[in-house]
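If you scroll down you'll find the structure; I have some questions about it.
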């Protein structure tokens, strides 16, 4: 059956769709993206259907041109995906997306599966916010249950005086209050599960964020015990959701104990190092999974790091002057807060990677602002 | 200056142009290909100018849309390249192409540089053929000086009776007679030299041909002494020609002594393993070289082999069932003698690679015929 799949539709035409499309060509898969933007960066490398995500005609055209459909961002309208799913297989399935779209559903699932989370409470009124803070304590983070990403839709509460400010900023939509977690570092795992149920897991990645946006990822970064613990969590989630494709779970590492923060039902920024740093990239494995092909090896090829470029690119030559560095320009116009590219740094030893990072990380420009 | 290069023109729109275009996108380089075929496989992944290679309007359009121009086959008409070179930088330079287009010029250059070749003689008449055979002996190979590839334009002479047949088949264009070389295996080296004169060399690759077409490549395959000898040859050639880009030289290994067979002024089939098997692919390094960017590491990541698919593809799933195998579908219609794809086999040890090859090589279908 998988031999018949030759066209993959992608809802969303950003850099994740772009890297999926580039990974598809060698596999004999042609991607077509749906995006309203006239300059969607995936549209530079693959055919694009121009239309809003709730435009039924555009959705129908995408379905008509696709043997299977996936998405490159988790805020796809549920109705759009349901419409598509009536016409063509959609992976990951709409139910998995729905869970990942709602921080409450996500945390509830984690807890049902025995996966630790920060303490949390739903907040639908100013009164509930006060009650939740009384239970969970401060500091804490008030978040929208839906549509948050890259730190958007979040307010940190440090004292009682912050409650009104936070409520004024976010109130009116379903919210969740999450207790602070005392962690030593942030980790993420990428799981991939195919149509046939085959599963594979990439090595744990250590991530550093600033202003809510990922800046640096590094892999492999954990011992066998932590890796096994993360894989157990990811396996439980993908099996419960009958998940097909790549799924990312972000954890806090609390001195060797993993606390799940959130999950992303798609290829993930913290997995970009897999393009050069793993035997098979997350993009190739996502496509293999949703097309029912066997999965490729997820083994890391050595120590590797990724530096994200936010707002604008650094000078290309300064990075490529290091022969073990690879460049990824997403073809986007520079803009504040926008992910415009990344570099992958490979090395033969962790110490060599440290040295390369010490040289190059300071050359990543501050956001264009 | 290299920061200004964003568009690369490619004369020819076959699988080499396709893989160049795919390697260009992450570097921020957009390729545009010139090819007369309506189904040129590079045209599936990059914009295409449709036109014959001697169509001046099409050449002008390619030049207008390109900051630098290269080519994906060595039989580009010299006049076409000269026309382009008047308008836009062309790399490798037309003089290097002219040398590689003529077996006599190529062998003369090799000998001038002290690089061993088979004995050879020019043949422009039936009488000269007799004289050349008298000098060089039999067996020998009569070849057209120009426009040969994949074993085309060649006749093997084993006895005096073969001379008339060979002459009837090939006579009328400039020919060369080459003596047989008693070799143990065929090797190739890929050199890359950038606009700034930076040089790098990939590990020697062992190649097996059938019916004049490459079937299997394997790397790395040689000790340091042989590698150094091959690099010396390649360095001498690229420096003499002021060559910019990837150059392949094919050798016969005569018990540790290298005899140069021919060269190709472009990315090369025997270097396809570098996509997954080397830190930087030949395609990326060719683009870096002609755009004046620093070169990426040419180090091999481990034992690797490439199986060529001629005529038609084997079943994709049978190959991908092995997690260390990668698939390359060129998006071509099956046809006798056509290169339609390849697979890359990675392994952690030479023995593991042997085992993988023993399983998969028999599954490569015979040519569609």
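Yeah, the Cβs are placed from backbone N, Cα and C, and that goes for glycine too.
According to TrEMBL, the protein carries these features:
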BINDING   A:103, A:143, A:148-154, A:178-181, A:186, A:209, A:261-262  ATP binding site
DOMAIN    A:107-291  domain 'ATP-grasp'
Under DSSP, is residue A:152 (ATP binding site) helix, strand or coil?
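SS state of residue A:152 (ATP binding site) = coil.
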CB neighbours of residue A:103 (ATP binding site) within 10 A?
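Excluding its own Cβ, the number within 10 Å is 23.
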Neighbour count, 10 Å Cβ-Cβ cut-off, for residue A:261 (ATP binding site): what number do you get?
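Taking every protein chain into account, the count is 21.
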Which of the three DSSP states, helix, strand or coil, fits residue A:181 (ATP binding site)?
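Reduced to three states, the DSSP call for residue A:181 (ATP binding site) is coil.
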With a 10 Å radius around each C-beta, find which of these binding-site residues (A:152, A:181) has the fewest other C-beta atoms nearby.
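Fewest other Cβ atoms within 10 Å, among the binding-site residues A:152, A:181, is found for A:152.
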Calculate the per-residue pLDDT averaged over the domain 'ATP-grasp' (A:107-291) and state the result as an integer.
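The answer is 95, the mean pLDDT of the model over that range.
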To see if you understand the setup: which same-chain residues, six or more apart in sequence, place their Cβ under 8 Å from that of residue A:178 (ATP binding site)?
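Once residues fewer than 6 apart are set aside, residue A:178 (ATP binding site) is near A:103, A:118, A:119, A:120, A:136, A:140, A:141, A:143.
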